[in-house]
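Q: Got these off TrEMBL a minute ago, pasting:
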type	residues	note
ACT_SITE	GLU467	active site, proton acceptor
BINDING	HIS466, HIS470, GLU489	Zn(2+) binding site
DOMAIN	183-361	domain 'Aminopeptidase N-like N-terminal'
DOMAIN	688-1007	domain 'ERAP1-like C-terminal'
REGION	1-23	region 'Disordered'
SITE	TYR551	site 'Transition state stabilizer'
TRANSMEM	121-142	transmembrane segment
Amino acid sequence: MESANRLKQQEYGAIERAPQPRNMIENSMFEEEPDVVDLAKESPSYPIDTDDVVYEPRSSRLLVRGLGENDLDEDEEDYESSARLLGMSFMNRSSNQRSAASSYIRQHYSGSCSMPSTKTMVVGVVVLVLVASMLMVLYFLLGCNFTTAGCQKTNSTMDSIYPNSTNGELFPWADLRLPCSVHPVHYNITLHPDLTIMTFQGSVSILVQVLNETKNIVLHSSDMNIIKATFDGKEVHFLEYKPWQQIAFKFPEDLKKGQYVLNIRYTANLSSSYDGFYNSSYVDTNGIKRVLAATQFEPLAARKAFPCFDEPAFKSTFTIKMTRESKYISLSNMPKVITTDLKNGLEEDEFEKSVNMSTYLVAFIVADFISVSKNVSKTKVSVYAVPDKKEQVQYALDTACKLLEFYNSFFKNEYPLSKLDLVAIPDFLAGAMENWGLITFRETTLLVGSNSSAIDKQLVTSVIAHELAHQWFGNLVTMQWWNDLWLNEGFATYMQYMSIESVFPGLDIDTEFLNVRFKALAKDALNSSHPVSTVVSTPEQVEEMFDSVSYEKGASILLMLNATLTDGEFQKGVTQYLQKYKLSNTKSENLWNSLSQVSKQNLSVSEMMNTWTVHKGFPLVTVKRSGTQVTLTQEHFLLNAENSTDDSLWHIPLTYVSDKCSVLSSCKQVFHLKEKTATLKLPDQVKWLKFNVRSDGFYIVHYDEEGWKDLIGALKEDMNVLSCKDRAALINNIFALSRSGKVSFRQVLNLMDYIRNENETAPVTEALFQLGQIYRLLDKRSELNLASRMTSYIEDHFGSLMENQSWDLETSVSKMTLRSALLEMACSLNIRNCTTQAKHLFDQWFTSNKTSQIPSDLMRTVFKVAAQTDEGWGKLLDMYKHSINDPEKHKTLEALASTQDVWKIIWILQKSLDGSEIQTQEFPLVINTICKSFAGYLYAWDFVKENWDKITQKFSVGSFAIQSIIMSATSQFSTKTHLVEAQNFFSSLGTKGSQMRIVQEAIETIKLNMRWMENNLNTLQSWL
């Protein structure tokens, strides 16, 4: 899926990193700008058992400053009082919130008992013998479980106890993973959605292969009313275990090896969330509500549309038939074969038999869309959208065709299907989803209007490039299990940047990829991070794999590997990998082995890259130079390394340049650091060394006192002795080192002295991002004097550059990225005449009926300034309700959420969660934007706490949306009060909330903020 990175940058941020594309586009839609977030495929899978909540705010709270008085209704007063006062309001959940896996209750007895009679003892012995016998039978009957590696592993302990199914009978399977004794071969699926009452009828005929004799067939099914099931023509009884979304068919005798047919007829409601087969709607330009049905199955929601073996390794072929009203069209993965008139206004579309694929890639849509098409080689490429937006599809079509041609050539394996559809869904949570042959997108990530800027096109191009790369990495070759999700997402993220750099060099995607690497480093420096390839068991853990580590770190280590290999070895190895494993499943080792086989270097790719996928985090390399002798030491870099005993070692392909030669690509030297400490002998004396050239390696570098002094001196004398990427990397690294306590903040400010002369996009945007984070921390702590001095510091170092920015139309992506970051910072801090200029531009644009154009890259900045007045906010709200230009609409929503007015903050929180006037898919963005301002961040935090059950009904636990909501609401806390409040709230959530990795990250981040403030407030007082 498209993650959210790219979206983060572009859509979220005043003082955020430059826009990043697709990764996390799938997920990215919720963060500060930039992943092309498959950023996250959001598919709420396992529902949460909600409990009655008693929410009792503490009677005394600490007053905070700056909140306006408004006449509010009762509900709004609750939110106002809750956020107005820094309080502790915790959710007290009832004790019946328990693990889904627990079907048994441990009995607690009193501490005393009487001596049993002889008769009782004899009966007890007999019972014990019977129980032991039953346990022995269970032990020998338990079959194969999927393991991380796949089939087969036999249960070797007696820990597994069969749970009770819904009718009270024992369910014949005791694992979240399905048994591997039965494998699907082909599905015939027939569906009939009713878009009036939002239900659907379905039937599935599954041809199964029994690989090992068994008495049971176990598969997935969720939220379905199964009417009838037959097995080889005979009606059969089924059992259901809802907590694991499994159904089972038990047979009196072992099924012999061979093929059988399982038929299931069922009904279900179209999902009201964003996963499974769900209903969606939009209002057209005539004010008429239109409805449609679409799918989002990754990772665990195909089972909500049809009973199936819903794990990536159970690949199969599919034939789909869809009954629909004649006013709609239907789409699926494969081309349509025939349409049959069923009379009564109904028609049935039948689609070709699919290629072998995993269930999460199956897709179908019923809607009233229009399309444009073009042929590329043997493939018909089409882009679909609602009729009102037919003028916005051409850019996506042209872009998809060019990228498809690139991938066909690069992979030397042509796209195998005869059609490729790209569909803009009006109500879609993820950034995009790579369904084979039927890629679905948010409208924002596919449609481009006539006034869209090159930055808007960069985002769309990134998402398309990411999803098309998935047609090979993920679809043609699929990871064996979700623990290796990075094989899908990391590769697609890397290929999106590589392909755009080749096909669309003017989009300046290289700078965007640098921001992505910085983002990944920041997340991976936390104790709460995880290895690229890690153990995944529960549904929540599967959801949590769609994060920065799988997407951005995965892409970053592939860049490092490609930069290490030579003579096109990376492309050769990838091509060999795809050819060898096409239409099957793989593990990380399969990729490394393919690359090792083509490499002519004295280098074991497997040995090197395993250190990057198995270990959590990344290394800090410390450089100490004495003459021509350089001592290099590596250690696990953690922002909080207290009590850390990690002795992990990485195989690091260190790169470096010196004052002798530093800018040309030929200047780069390589040294492989495998041990804890090593010595590098230089051929000549040098004035300075800079390691990790262009930040192509996934590590950061610390220099001794003289090393930093020499580099800072070189920059002050002539900053062009280093490339702009290297300068940006120095800024990024020294802020990270300061946060970890390895360098003082005085050293940071010393380096930043050179920035007054800087005018390149990468270093300026990185510096603004880092300083913006500090400003927001100071602001949220009400350190008003220091916040004001930080504003003065920013104006002193960047004021001239801000003042020199043009407000006219610009064509260069790099220049647009630079000025949008500078002017958004200037207007948010009220520096120079920024807000005056923005107000003038907005008024001119609005009074001219939008004929006097606002440059698209400045639209968010201008709209945010306008939103600070009642009149401007009202105009923007009206625009939001009626606009059909998605980039403009998205920026308008950000502006609306940036208001400082309490009533408006409460209104937009409520409307975005209930979906009445703002689509619920935008709720994470709304939370993110509101939390950037002092006026709104406490309201947003209290709103999240008080509406947690509603939120987790909309977005699944562990999903990228939930990750974004939690981090947005808590990442700027830096006081003991807020730490305790967050800890108590999250611990009250029970097993399906408190154990989320993102909760650990949130708590760790608050502690880091507290420590940084404690260590640096005095320095800021002295030096700012």
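Every residue gets a Cβ built from N, Cα and C, even glycine.
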Q: Let me spell it out: for each of the recorded positions (GLU467, GLU489), count the other Cβ atoms within 10 Å of that residue's Cβ, using every protein chain shown. Which one has the most?
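A: Checking each of GLU467, GLU489, the winner is GLU489.
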Q: What number of additional C-beta atoms lies within 10 angstroms of the C-beta atom of HIS466 (Zn(2+) binding site)?
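A: Its Cβ has 43 other Cβ atoms within 10 Å.
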Q: How many whole Å apart are the CA atoms of GLU489 (Zn(2+) binding site) and the residue listed as 'active site, proton acceptor'?
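A: About 10 Å separates the two Cα atoms.
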Q: Reported as an integer number of Å, what is the Cα distance between HIS466 (Zn(2+) binding site) and TYR551 (site 'Transition state stabilizer')?
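A: Between the Cα atoms of HIS466 (Zn(2+) binding site) and TYR551 (site 'Transition state stabilizer'), the distance comes to 11 Å.
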Q: Taking the domain 'Aminopeptidase N-like N-terminal' (183-361) alone, what is its mean pLDDT?
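A: Average per-residue pLDDT within the domain 'Aminopeptidase N-like N-terminal' (183-361): 96.
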Q: Whole-number Å distance between the CA of GLU467 (active site, proton acceptor) and the CA of TYR551 (site 'Transition state stabilizer')?
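A: So the alpha carbons of GLU467 (active site, proton acceptor) and TYR551 (site 'Transition state stabilizer') sit roughly 13 Å from each other.
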Q: In whole Å, how far does the CA atom of HIS470 (Zn(2+) binding site) lie from that of TYR551 (site 'Transition state stabilizer')?
A: 12
Q: Around TYR551 (site 'Transition state stabilizer'), how many other C-beta atoms are within 10 angstroms of its C-beta?
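A: The answer is 42.
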